[in-house]
Amino acid sequence: MRRAVCPGSFDPITNGHLDIIARASRLYDEVYVAVMINKAKQGLFTIEERIALIEQVTSEFGNVRVEAFHGLLVDFCKQRDIPAIVKGLRAVSDFDYELQMAQMNNGLSGVETLFVPTNPTYSFLSSSLVKEVAQWGGDVSHLVPEPVLRSLREKLGRG
Ligand SMILES: O=C(O)c1ccc2[nH]nc(Br)c2c1
Ligand SMILES: O=C(O)c1ccc2[nH]nc(Br)c2c1
């Protein structure tokens, strides 16, 4: 059983994230989406809301499991026998940090990181930008899945 993990905060999941997860789900038998619990940062969506939204929009793939985690990603991987991390790369600016993390994770545990070039349509996309635009009433309907759009509108009363 070939497993991979797509880690992130997913606050909330965007079409860019969903594209990476969809492509990973076609490459691996089982894909874990690991939602990072970050006590230091109060997100717009709770961990439970993020997990529910991800489960809703990935259920059609049939091989995606969504779980919260805190601490080291390599420990999450070790506990579930996951040898590969799959991450999207939007631009060269992502690469510096991602390379450092990949080398650290591989050094710590042997877990490999595979990079998927994002669909150019989503190169500019991030959760924080979506939240920023939505809270000022901008149209993000083409940037997030429908259930996320509904939740954003409920939370922000706009967008
Ligand atoms: O949600 C995040 O924080 C986040 C960050 C970086 C990311 N790379 N690939 C994916 Br999917 C991804 C998700
Ligand atoms: O949403 C973000 O913050 C974020 C960051 C970095 C990312 N790389 N690839 C993807 Br998809 C991605 C998403």
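Here the Cβ of each residue, glycine as well, is placed from N, Cα and C on the backbone.
All annotation found in TrEMBL is predicted automatically rather than curated by experts.
Copied from TrEMBL, the annotated features are:
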type    : residues                                                                                               : note
BINDING : SER9, LYS41, LEU73, LYS87                                                                              : substrate binding site
BINDING : SER9, PHE10, HIS17, GLY88, LEU89, ARG90, GLU98, TYR122, SER123, PHE124, LEU125, SER126, SER127, SER128 : ATP binding site
DOMAIN  : 5-132                                                                                                  : domain 'Cytidyltransferase-like'
SITE    : HIS17                                                                                                  : site 'Transition state stabilizer'
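Here the features listed in TrEMBL are placed on the structure.
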residue	record	DSSP (3 states)
SER9	substrate binding site	coil
HIS17	ATP binding site	helix
LYS41	substrate binding site	coil
LEU73	substrate binding site	helix
LYS87	substrate binding site	strand
GLU98	ATP binding site	helix
SER123	ATP binding site	coil
Around the Cβ of GLU98 (ATP binding site), the count of other Cβ atoms that are within 10 Å: 16
Close-lying binding-site residues around ligand 2 among SER9, HIS17, LYS41, LEU73, where CB distance stays under 6 Å: HIS17
Integer Cα-Cα distance in angstrom, HIS17 (ATP binding site) to LEU73 (substrate binding site): 18
Cα proximity to LEU89 (ATP binding site), best match among binding-site residues SER9, LYS41, LEU73: SER9
Distance, SER123 (ATP binding site) to SER9 (substrate binding site) (CA atoms, angstrom): 18
Across the domain 'Cytidyltransferase-like' (5-132), average pLDDT on the 0 to 100 scale: 97
All-chain count of other Cβ atoms within 10 Å of SER123 (ATP binding site): 14
Binding-site residues close to ligand 1 - of SER9, LYS41, LYS87, only those whose C-beta is under 6 Å away: SER9, LYS87
